[in-house]
């Protein structure tokens, strides 16, 4: 049925129209975004000189890297337990807790984590104040939920008998884990890290709740600027982000295609 | 093959128990601290009272554990028409967004599922790429498209369709456009997963027996993909019900939705207990759709 194909192309057009225009008009000299005033790189130059934005971007990258690493650690443990431990005590609660941030509205997660940080500081003095650390912890909580799903799914489809064979051949459970399970998990660990990293870079709601004066992330700056409308500088930043995302996804697709080809050939 | 001198399975599991603790203990500790505790603190502070101190509330348990809590915040959320209307409007917006995403996403997913094998992954990536380009950037692009001196009004004026710019931005229309744009990939993925799994032979059998394509679609394809469609609907509906950023940046300034009310109570009025009560109420409203979604996922 060609109606569905027409729908596909219309839908893709709807998804891409704003993005394509955003990238195109980033090269316009006009002061008003999405108005063509001749080709110019002036807004990219202005962007490079915007210290507040650059500082926020660097903070966001650091927070995202830390949050993603923590998320993979926690999500890895949780995903491993769910995939390999069978029915252990408290499993239902364990699964519900690890998955909760996936289904909770962001405003609820953000508010409840902030109230926790305030209560913790009042009770034990940690975390002292709010800023990059509290944002990192909030993002790690969200990322761990996604990481656990990705890692559990990978382990569930990986054959358990490989680990049992290693142990039957005399490997201790730790050696079996390190030499068999960990390599099996590796692609999902990387995928989970990238997913948590992206989630952190993209989040404005959790960060707004749990951050303090010293922890303004890039999405927080963007949000406050967009409240006043779109500026050509933000437009240029959008073009940079789209370019980075396209290159990263292109590389991932290429890698996937090569892995597929190798599998098909071997 | 198991060597006879290996201990039997139950024994090994017992031997592994301390090792399991190495995995389970840190995971449980994290979940207790960062998932369970916040929920309890949220509920506790919703029972507290607004106060002009730092932090700006009186906890429900006073010094020595004396009860000084109140249900006033929940009473306000339940009875004040301002909040009630906000909840109703949020559910309506979430419902409409989810329905629109299904409407737009279904043909996309169907065409992807019917595409030749080699083209499916690129199409899937094409649907996902906008998802990776930054949520705020995409909302910003819609601001540039829809505002009075924006791209769309410029095109319409150049074509002579309109004389004065249409007030497109900061309207319900702009909000829905932004919501569907942001949530469409959430709907397409489960729909595609459901449709890609279907057996084309069933459709062919219906066609061989004389059913017209439209009849095959309505009587075979559509019912087969119903669980996927329900999952797609809920996957959009649940986050959309609490959405804050898109209505705030694209929607009409006067429209009050739960996410916005909660945000306003917290950041503008600094009434933390009321914000917490709104959050608890939002959770209570979403429990049913969340359970339904988990059922669907478990049933696959």
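Each residue, glycine too, has its Cβ placed from N, Cα and C.
Quantities reported herein were computed from a predicted structural model and do not represent experimental measurements.
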Where TrEMBL places transmembrane segment among the ranges B:123-145, B:146-168: B:123-145
Among ranges B:58-80, B:173-195, whichever one TrEMBL labels transmembrane segment: B:173-195
Segment proximity, the transmembrane segment (B:91-111) to the transmembrane segment (B:173-195), 3 or more C-beta pairs under 8 Å: yes
Tertiary contacts of the transmembrane segment (B:272-293), as residues 6+ beyond its ends and Cβ separation under 8 Å: 42-43, 45-50, 55-57, 73-74, 76-78, 83, 87, 91, 230-231, 234-235, 237-238, 241-242, 258, 261-262, 265-266
